[in-house]
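Sequence annotations record features per position, and here Swiss-Prot assigns ATP binding site to Gly174, Gln175, Ser176, Gly177, Thr178, Gly179, Lys180, Thr181 based on sequence analysis. If you look up Swiss-Prot, you'll see 534-546 marked as compositional bias 'Acidic residues'. Summarising the annotation, Swiss-Prot assigns compositional bias 'Polar residues' to 626-638, 653-668. The region 'Disordered' feature in Swiss-Prot is assigned to 1-93, 527-567, 623-668, 1093-1119.
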Amino acid sequence: MEMLRRNLKRQASRSLSAFAVSSPRAGAVAAADADQENLHPNLAAASPPMSPAAKNSSAAPGASPRSSKPVPTSAAPPSKAAAEGEQASAPANEAPAVKVVVRVRPTVSRPVDGKDLFFVRKTSPCSVAVGDRSFAVDGFLDDRASQADAFDLIGVPMIESALAGFNSSLVCYGQSGTGKTYTMFGALAAMVDSSSDHADRGVVPRVFQNLFAQIQGRQESSPEKQTSYQCRCSFLEVHNEQINDLLDPSQRNLQIRENAGNGIHVENLTDEYVSTVEDVNQILMKGLSNRKVGTTSMNLKSSRSHVIFSCVIEAWSKGFSNGFSSSRTSRITFVDLAGPDNDELDGGNKHCTREERYVKKSLSKLGKLVNILSEAPETQKDDSPHKQSCLTHVLKDTLGGNSRVTFLCSISSEHRCRTTTLSTLRFGERAKLMSNKAVVNEISEDDVNGLSDQIRQLKDELIRTKSGDTEPCKNGYFSAQNARESLHNLRVSLNRSLILPHIEVDSEEEMDVDEEDVQELRDQIRKLHSSSEDTFDDFMDAESGDDTPCSKGNPKTSEEDDQPVIDDCEDPIQEEHEVLSSTKVDQDLVSDRKSFLSVSASPHLSPMQDPTLCSSPKIHNKARKSITSPGLSPSKLSVSDCPGDEVSRKSAVRSSLQSSKLSPTDSLAASLQRGLHIMEYHEQNQGPRKSFVGLSFDHFALNPRQSVAKVSSGVLASPERKGATSSALCSSCKKAIDTDGNQKDNINAEKQIVIATSVVPEVKDDITASTIASKRQTELEALCEEQADKIKELSNLVDQYKKCSEDAQNSDGTEPTKELVDEAKVGEQHGELNVNDREELLSEIQRLKDQLKQQAGESTNVSLLEHLRNGSTDQEYELDREREKWMESESKWICLTEELRVDLESNRMLAEKTEMELSNEKKCTAELDDALQRAIYGHARIIEHYAELQEMYNDLLERHRRVMEGISEVKRAAAKAGRKGCGTAFAAALAAELSTVRIDREKERAQLKEQNRRLRIQLRDTAEAVHAAGELLVRLREAEEASTQEKERSAAMQQENDKLKKQLEKMKKKHEMEMETMKHFLADSRLPESALGGFYRQESEDVPEYNNHATSTCDDDQSWRAAFTSAYE
C-alpha cells in the first residue's frame, strides 16, 4: 500500500491542474506513462503520431510549438460565477427535474490544416453554439473550470435534493477520453489522501464529504426533534449486457427485480454501510480497480463498461413535543457511461471488438429511450421501453421516473471530434425534454394510520371468514379485484430470493395508535360527566324540594329553610324587613347582616360534584340539608331533642363552636380543600389560570335576641310601656321573631366557599361597610342602654315568679290559694298593680311554665354567639370581643388560603418538574434502546461476516493442504523417476493422473448439472402449482361473488313472487266478495212468476193488429223471459 501511494503521488506530481492546458512534453510523458483510466484527461489521452517534419521542427532550437496559446472565445465568462448564478436561480425545493450541463475538455493537440480547435462557444447563459447550431443547456463549464466549480454547479444541488427526500442522479455522457471518469471520481491519489483538500478530487468524494458534514450539522442543530441517518452504498457495472458486482467480483450476471415495495433493484447486490468519507473512498477504489478497461484511439485506459455507484440515505426523525415520527429515504446515483471510440482516425482498419459493439448497442438503446421519453405522452407507443437493455432497465427511476437527474455532457473542443461533440449535444438537448416526476420519499403518521385502517379491515375480514359468514362485505379488502392484484404480486415475487429485512427504528408501541381505545376513553369521560351532571341536579332538587321539617317546634322555620341559597345581600334584608316591619330597631339590627361569608357560584362551574358547603359558627343549633351529602335521609338530617343525638349532629353539621371539636381554622381548611381541588380542575380544563376566592366579612354585628321567658317578663314588669312594644312582644309576634331569627341563622348557615369568576371591588365595599357599621353601632349603644334598665327590673320579677312557681308545685294546698299568696306578695312589692294586671300576670306565668317545660328537653349546648343573641347584648365589651374574634378568624382564614395557594403552586411546579424528568428519562431510555438495537444488529452482521470469512479461510486452508499434498506426491514421483532417462515416463504418469482428475471433475460436473436440472424442474412444477392454486382461489372468489349475486337476485325475485301471490290472493278474495254481493243483489231484486205472466199477457193484448211480425216479437220476448226466469228463481 505504501508503494502504491508513492507511485500515485509521483504520477500526480507529473500531472497538471484539473483540465488545464498541458505542454507537448507533458502530453508525451502522460501518454507514455499513464496507466490509470481516471487520471487527468490531458495525461490519459494519447496524442496522434507526429510526422518527421514535425519532429524536426519541434527539435529545432528556438522553435516554440505552443508559443501562441489558443485563446478561448470571449463569450464565455468565468465558470465559477456562472455556476453561482445557475445555483442561485434553481433552489433545492424548486429545482427542475432534468438539467443538462456541458463541460469542455481542453485540447492536447495542435491545429491541423489551419482549423480552429475551439469551435464550441457559449452564446448565452442557457445556450451553447457549435458553428451555426445552437443548443439549450442549464450550465456550462469551459476548459478553465476546476473540479471545485463542477462540484458547486452539480454536487451542491444534489446534496440539497437528497437531504430533502428526493432521488437525485448524475449521468456522465460523452465520447471516450473526454474526462467523464475524471470529473466523476477524480484521481486515485486524491482518494488515497482524503485528509487533504486535493484539487483533483472528483464530484463523488466532494459530495460525500459535504453530505456527511451537513448530516452532522443537522443532528447537532435540531433540539426539537431527534434525527438519525444511515447510508449504504453499492457499486455495479454493466459489461456486455451483464450486471456484475464490483464490490464482490464473484457475483456476476445478476438479475434485475422489480416490485411495488422495493422498486427496481438488483438481486444479491452487495451493500456496504458507510459513515465517513474514508469508507466511501475505500469502496470507490475497490470498485474502480475491478472495472473493465481497454485501449482505444482516444485513451490508453478507457472504460469499457458502464458503472453505477448508488447511495441510499435513510433518515428517521421523531419530534420531542408531539411524539410524531417520520422516515425519509432518498437515493443518490452516479452513472459513468462508457464512451464510444472515434473511428475517423483508423477508418476501416479499426477492429470493432465485442466490447465496443456492446457499448455502442447499449448507448443506442439509451438514445432511443431518451427520444421516446422526450416525446409527448400521447405519442409514446411502447409501454415498457426501459426493458430493451440492462442499462436502461436499471436506470428506470433515473430516466423518466422518480428522480432529479443531471446530465453532464463531456465534449472535446478539438475539430477532429466535431461529429461526436454534435451527437453528444443533441443527446443533451433531447434529454432536457424528458419529464421526470420527482416526489419526496417520506412515510408519515398519516401513512401509518392508513396502514392501520387497512390492517383493521383485514382483521375484520379474517374474523368474518373464520366465523363462517359467507356474505362478502361491499367495501371489503378481499374482493375479486384485490384478489387479482394479490395473485399478480405473488407471480412477480415467485423465484425471488430473500431480501435483508429493513431495520425498524421505532417500536410498534410508539407507532401504533389504537383508535378504539381512544374512543372508549372518550365514552367513559362522557359518561362520567353525564353522571356528575345528574348527581348535581339530584342534589339541587333534593335541597330545594324536600319539605321535611327540621324542628318540631318551628314549622315555619323548616319551610323557609327549604328555600335556595341567596347570594345577593339585598334579598334577605327585604324579607326581614317584611317580617319585622313593626319594629324599627329590629330592622336596623337585621340590616347588620348585610355582609356575611358567601361567594357566588360561578356560571362556568364544571360538571362535577359541588364542594361541601362550609358551616359557620353563626349557625343555629340544628342541622342543615344544604351542608350534607345528597344521600342522607331526612331522618338523619333532623335534629333530635334528646342529648343523645349530639354525635349525629356533629357529623352532619360540623358547625357550632361548642358542638364541634375542630377549631374555626381547621373547619375552614377542611372546607377549602375541596374548593382548591375545584380550582385545580378548572385550571386543567383550560379555564382561567387564576381563580379568586371571595371571603366577605364586612360586618359581624350581632342581632340581640331575647328569650321567650325574658320577653314575657318584660311585658309583666312594664305595663305602662305596653303600647310601645306590644306589637313586637305579643304571643303571635313572638313566634314571628323566633321564625325570623331562625331564618337569619339559616341564612348565615348557608355561607359557602365557591369559585368566584371576577374580583369584587373591595374599596367600595369597605367604605360602605364602615359607614353602616358606625351608624349601627350608635343605634346599638342607645338600644343597649335602654334595654339595660328593663333587664334589671325584669330580672328581679322573674326570680320572684320562679320561686313562686316552685313553691306552688311543691305545696299540697290548692292552686288558687298559692296564686292569692303570690298576688299578695306582688301587691306588697308593687302596690300600683290592679286586678286586671294580676290576671294577666297569672296567665303569663302559666304560659311561661308551659314554655319552660317545652324548653327543658331541648339541648343546652348553645354557642356563645347564640347566648349573645338571646340576651347578652347589654354587655358591649362581649360584642366587641366577638367582633375582634371574627376579624382575627377572617385574617387567619385569608392567610391560610394564601398559604394553601402557595403550597398548591409549589406542588404543581414540583409535579411538572418531576413529569419533565420522567419524560426525559423515557426519551433517554428509548434512545439507549435504539442504540442497543442498532449495535446488536451491527454486531450480528459482523459475526455473520466473520463466519463467512472463517468458512472461506477453512476452504482455502483445505485447498492449500491438497495442493501441498499434490506437490509432495509429485516430488516423490520425481524422486522415484531419477535424473536421467525417466522424464518421459514421469510426464506420462503425470498426464495420466491429470486425465483421471479431469474425468472425475467432469463426472462431478455432470452430476451437478443433472441435479440442477431436476431442481429447476421441481421449481417450475412448484411455481406452476402455486400459480394454479392462486388462479383457483381467484376463480373460487369470483364464483362465490357470482353465486352471492345470484342468491341476492333469486331472493329479490322470490320476494317479488310473494308480493304477486299476495296481490293475486287479494284479487281473488275481492272477486269472490263482489260475486257474493252481486248474488245478494240479484236475490233481493227477484220478481214472482205471476208478475212476469201478467206482463206477458198485457203485452199480447196490447198488440192485436200485428200478425206475423207480432208473433215473432212475442216469441222473442218469451225466449228472453225463459232465459232470465232461472236467474230470478
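Don't overthink the numbers, they just go from 1 along the chain as shown.
Glycine is no exception: its Cβ is also placed from the backbone N, Cα and C atoms.
For Gln175 (ATP binding site), the count of additional Cβ atoms within 10 Å of its Cβ stands at 23 [all protein chains shown]. Other Cβ atoms within 10 Å of the Cβ of Thr178 (ATP binding site) number 28 in total over all chains. Cβ neighbours within 10 Å of Lys180 (ATP binding site), excluding its own Cβ and spanning all shown chains: 27.
Summary for the binding-site residues Ser176, Thr181: the Cβ-based neighbour count within 10 Å is maximal at Thr181.
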